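> According to TrEMBL:
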- B:14-118: domain 'Thiamine pyrophosphate enzyme N-terminal TPP-binding' (DOMAIN)
- B:210-343: domain 'Thiamine pyrophosphate enzyme central' (DOMAIN)
- B:410-514: domain 'Thiamine pyrophosphate enzyme TPP-binding' (DOMAIN)
- B:453, B:480, B:482: Mg(2+) binding site (BINDING)
- B:566-579: compositional bias 'Basic and acidic residues' (COMPBIAS)
- B:566-587: region 'Disordered' (REGION)
């Protein structure tokens, strides 16, 4: 039966209905944002479509973060904001989705076309009659943008916007003037599913690259596979797994790739963070003769925020649409068909690699008496044992982003972090989005957030939206009284202190009926929490305040500090040399 | 004694010190923002300068709102954010300052120049090596922008940035790479105060305009003066007052100009809101033969957000740097010297206008028994009587923005609202900024905020910063269970509902030691609150939750609704006509 028949649609529907049906077809069931004068008629339409819901966020930046978190689970997210004030409030979140390859459709309700053409000075404008300024700003952080004005081609444009956001995994900006939401389009277009397939590669180019890679695969004695963030974003999880299983090559993930591969695979060795990797990781990766990175996110793998210092002679980088091999660059190669071709041509019998004694992931051990106060090192070790299959684990920029790398993820665990863009406060919004998405997936998932107290304050009100929807995430607030990472890396300046809040009582203030709050001060508190069998069931929202010393940080951060100190010395020397060059005249 | 001697400065100081000393000279004593990796070395310098303080906000959007509120009292505000994530989070607030003519210096701590020139892929970048993208976006909402890179001219550039923000009353964007904060400059430049004077006008052009205006002044029988927002922003308060007193012309303010003139002047008649003005205002303004608007903010006065419909045959509009007179436009005329010239040439004896029976401002009366639940109409009337001289009164976009127009401001009251840009949640951030500024002014001021419950949720955490600084504003939360203005103007859709919070207990959660919370449900509750003599003393922070029916709105809003209904009808007709034009083929 055709979609229009199933949904019982009239021959002609409005463009707003068309948009929402397209989103529904892609299982984008929750739409984030806030209402405003210029988008309310659009949101009205959403309510009439069964299976869609309006999240109703507390502010637009949080809504953008939520759409991003949602999209990381469902492949596409959508936020609707209002012209000017709303869209600009969201733009930092959208920029994060752009940097981190997340498919988000940003729909902006715009003033009526009549006001725009007559340059009327409505509110939410800069008062200068310029109605295109916010669109111009958005194009800097979008892979595609359009304002729906052409009455004849509006359905095609909606299709283009959605397809691009989905296939390119980047934000798309789509403006809809408020007077055009009722514009009629033919519903039968909905019976043709959107073409979201990745186009095939040029077979000659693809074969050239596959042959080159395979020849190195076959002769490598000490190979390593590293999975980066775009394995998940561009849906090559299955191909990556097959490659690992068939080659048996040792496997690592980048911090952004954590959760992209099954960590219970026997050859999984942990998180590779360049020069600050744990000794056991460095031991393996330091001696490779062939290294392939699958699903690279960064344009230049060697200089990421985590200071990847490794430069293998035989290094292959597979980006979403590009391959780098030693000094050569092969543009316009889509990763999915490329990997499929690689797998079909791979002959295991020709591999020289012999499976070596497993360098399985090492989780640091630290024994502490039950009355002892908590330590980051100990907490991350313990929490790792509490994780379950299918957990969705979200970490904030800060100590959690480092701590999580020393945990072990059970099978089918999904990791969410914003390691490149690193917008503080992101994870609470993303947690809302992920928790909404989790309720829409077929299997049950627990949603687990780790966030610092400093970061929590930036976006705290989104907790209220979680409560409103009776979502049941675990929110671990790592309370170290301020911005510990900065404090550790920069100085113990008073501007890293924050106002102390009574976090555990926030759910009550935000109207929660069924919730649990715990303040975890000692090792014993923590142990009795994770041993409680009821605690494993995600049946209510939980605030778990983990009290940590202000200057206690995970081991990886300590390593980074040593390196930063070195760079700081270099910086001072460079300033001194500028000072010397610029001899001030005597006075 | 020279500034450098008073401050005991070395011959050579750093560019960061130079910047902060310049701000100190202009009495910008509080700097807003959040710390980050790329701005921390800059903020460090601030701490070494006596008389400056770092506010330490909870997020960057709130910090931008706070800088704006601070600048509206002190002429200039400053926010320091970090590259990418921080600056984009703030950009909606900066756009508001741009739209509403507020002088804010936005200082952005950038990655080191070495990383920029080598296009390293640090965090807080889009991952594509483009380090200028955020600067490009900022130029859309700034009157001037610069990145401090030239070691020889950096002091000049800092001076230019500050002067432009101050004199043009618009945001200025200034990036400082983190490795350049120690760049040496000569301190003796600080002994020369910044030139913040408004340049004189071309005397011929100025005289032509002054003569024209005066000739209309002299022959007008029914003249009116309207003061708009730029009276305060461009500091022509004294000139406007003198003009009113010497001509005795009836005087009104626009909503954005409320607080710009002394409402105890006998000829003050209230707020002119175009076609939705109160009948007593319309009665006067409807019959004028000459109308002068001083300090216009909008490029086109007749089509503002408040639907000014008035088109006087003899209409003079004085913009900050432009005069419009009937159909003529005179560019490049600064308002301050123009008004001064007008005043010096004005001869009262030649005026035809005879002072008429005063149309003093009418405050609607409504008697309610003490057990009655509250009504917007009644509350605004009562609160008006509680206002004191020198109060700083801040209103949020929403019912408060309409309600405040029916109150009477005592002498020296300052009004803050964001009527053009209208970013919901602005007023709580602005309240922090205004409260910080108020503590720095010579006289004592009470800071009074009116904000809806819906708006409060967007920026709620900034209450924590007020508590941290032991500020003592009155925060009236007009609790009508959601977005009443939109509900009233658009529909009673469920997306205008919000999660109910226990607002009165938030100060406790945010760590307040000394605070007062009241939930005001009945007329009697309200009366006993305002009659309490202790309540008049702003000695602690107060949350006053005013419980109002969801669909109860001030009278002015009702009037607007009637007009919007008319427009909605027109909109539907236009959609219908498009539908008719676009005949779909039969299927």
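Using N, Cα and C of the backbone, Cβ positions are placed for all residues, glycine too.
Please treat TrEMBL annotations as automatic predictions, because they have not gone through curation.
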> Roughly where does the domain 'Thiamine pyrophosphate enzyme N-terminal TPP-binding' (B:14-118) sit in mean pLDDT, to the nearest integer?
96
> As a test of the contact definition, list every same-chain residue at least 6 positions from residue B:480 (Mg(2+) binding site) whose Cβ is closer than 8 Å to its Cβ.
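Expected: B:399, B:452, B:453, B:548, B:549, B:550, B:552.
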> Compile a sequence-ordered list of residues in the same chain as residue B:482 (Mg(2+) binding site), six or more apart from it, whose Cβ lies below 8 A from its Cβ; state 'none' when nothing qualifies.
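Expected: B:453, B:454, B:496, B:497, B:498, B:550.
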> Report, as a single number, how many Cβ atoms besides its own are within 10 Å of the Cβ of residue B:453 (Mg(2+) binding site).
24
> For the recorded Mg(2+) site, whose residues are B:453, B:480, B:482, find every other residue on that chain with a C-beta no more than 8 angstroms from the centre of their C-beta atoms, and list them by sequence position.
B:452, B:454, B:478, B:479, B:481, B:483, B:484, B:498, B:548, B:550
